[in-house]
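The compositional bias 'Basic and acidic residues' feature in Swiss-Prot is assigned to 457-469, 519-545, 572-581. For 547-596, the entry in Swiss-Prot reads repeat '2'. Per Swiss-Prot, the feature repeat '3' maps to 688-736. Here Swiss-Prot flags 276-305, 308-338 as zinc finger.
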Amino acid sequence: MNNSTRLISLFSPHPPPLFLLRGLYISRIANLRRFHRRAFPPSSVASTNLCSFRPLVSLPPLIPTFPIGRFYNHQVRVSAADFVPSYHNQQLPEWTELLQSLSKAGYFSDSGSISGLESEFFPGFPDELLRPALACLALARERPELLEMLSRRDVEVLVENGKPFLFKTGPDSLKRMSLYLRSGLQGIGKLMDMEKASTVDLMRLILSYVVDVASSEESKQHNKEIMESSVRSLLSQIAKMSLRPPESNVHDTMQNQYSDRDGQGVRSFQNNVEMKRGDWICSRCSGMNFARNVKCFQCDEARPKRQLTGSEWECPQCDFYNYGRNVACLRCDCKRPRDSSLNSANSDYSSDPELERRLVENEKKAQRWLSKVAQGGSDANSVDTDEDFPEIMPLRKGVNRYVVSTRKPPLERRLANTENRVATDGNSKRSDDNALGSKTTRSLNEILGSSSSLTSRSDDKNVSSRRFESSQGINTDFVPFVPLPSDMFAKKPKEETQIGLIDNIQVDGFSGGNQNVYQEDKSDANHSGKETDRLEKEDHKSEEPARWFKRVTELHNVSDLESAIPQEISPEKMPMRKGENRFVVSRKKDRSLTSPAYKRPEDSDFVPFVPFPPDYFAKEKQPKESIDTLPAPATENVSQVVQQEPREPSINKSDTVAVKIRNGKSLEGSLVKESDLLDMSEEAKAERWFKRVAEIKNISELSEIPDEDFPSIMPMRKGVNRFVVSKRKTPLERRLTSQRHQRNPHITNSDPTGKGDK
């Protein structure tokens, strides 16, 4: 049949030129736009500038597929099964992909699915676009669930910027889509069937945008890039979903699962789909999600809250379902929120009628209690009875939430009642005496000027003592709690004053007032005497440093200050003077039993350390030796005078060392012992080292000291840095130095003044 078709096309007359078809296509699109602008307001028009158009698809492949008999003298009948679209669009490659997917799914070959849809378009719709548009609308009618499965963000961009100008019911579709986006998830179930948006409404917007982009060279929209990316994303998603089998039954059942008004219980939406415990259905796209999903995997909708029953609670961190007895989450160890515990408690006790009755009674008691307290003062115990006192303390504005009841327990209230009865009986018998005594004490207090605070304290103590006496009379085993006085652990003057006050309280009449005054005078005298003694001691201590400084200035030239200054004048703590060091060590002798002098035995071999004399190492007092030197020529300048090195024969070197040792300053009369040459201790080495260093005149003589006498640790001397680095050469260096010295002996001047012999 293909061969016959080719032969017929060869013998048939040629079709009209391409520009004629393009002109016809452009004229029809322009007529549709003009009709759309006249029928609807200008705001619903997608694009007003239609100066130039471009064909949506390549026209030659569409020529043999549509009824275009008006362009041919002979009609060619091509079956629908042989139709294979080959559309190419450079701007929207996803549109070509969608048409190929529809062709594979059989929407172009099924004429029954697209029949009756031609009436949706405006009259004069191009025949070249009719069949692809009908195939897209057929897909939208068969797959109504695609609207919920597409990206909501892309749909919002298309609805805000797109205009369905190709269809008669375009404004209605745009209205339904806008209402769908505004209503959200909660308003979908409340809308009527006529107001609900469908996939067909979305497809009308997509087709109008595709035709608009293909027919205009340059789009005048300000958000062209956002609009194009959203439409391409929607076309790609629809092309992929069109190849999948339809799931209309699943969609219908999932739409009905939330038909209950309260939303309790989940019905089985499909018999062949098994849902496990914890799985949930998305209320937006009706997609089934696993229990671990926090949001829907299709539309990114948040997981709905569970309908909790009883004391169960949901973890706020990991959304894990916990029982009421769980204090912490079993999955993430998160602590149970406080709101859930309150809700569970309210749900448990809300059905108890007895509890409700008691709460109502407590509220009434609380109102009566508050009114009585406001009228009777702050003493609630005397105002209220047990019947009027509320079980739960009411909360008032500005009061702490957790109020602790100050109400006494029943036992204490009974004891207080018996005390009051005993007190009233005693007061009736002694009313006259008490009245007379109170008048006398008031008059004395006014005369003597005693403070009212002491009287109030005495009254409180008398009342407490009466209560304790009455309680002891009722119960012999009762031991009252007597608090300690506030000044019990204070100083003695205060204790004596308190004793005087207590004696004054116990004695009635004028004699008690006189005794109180006497005790106060006595305590004041004792306090003033002790204060005087303390001031004298402080003055004596402050005078000691002054006397010590005066004595030191008088004995400024005395070398031994410790023996010259008596012990009584020397203070225990050295005073501080301006400009001196803060940490001053006292010169006072330590005569305690723990001193080192006391611990040292008398028959020990202790040898005290005696420092060298200050002029022991002075070179000026050393005996001068005659050294032969060559005088410099007198005609030369002073700057050109070069002192010749002294010439000393190497044979007399040992004799010179012996003379130095014999002529050295004697230490006779000091406590320094003669060192033992066989002693290899560090102290002996240090002692021998100091002796030899004092005798050395030339640095080259250090090599003559044997290694045994050289100390491993350099000794410390006064005025020398603590961290002394040894300048001793290694044995190899000493050998090299000695050979070099033998070849070319180096003689230096040992005279410290540099004047030489005169």
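The chain as shown is numbered from 1 upward.
From the backbone N, Cα and C atoms, a Cβ is placed for every residue, glycine too.
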According to DSSP, how is the zinc finger (308-338) divided among helix, strand and coil residues? 1 helix, 6 strand, 24 coil
What average pLDDT is reported by the model for the repeat '2' (547-596)? 60
Where DSSP helix means H, G or I and strand means E or B, what are the helix, strand and coil counts for the zinc finger (276-305)? 0 helix, 6 strand, 24 coil
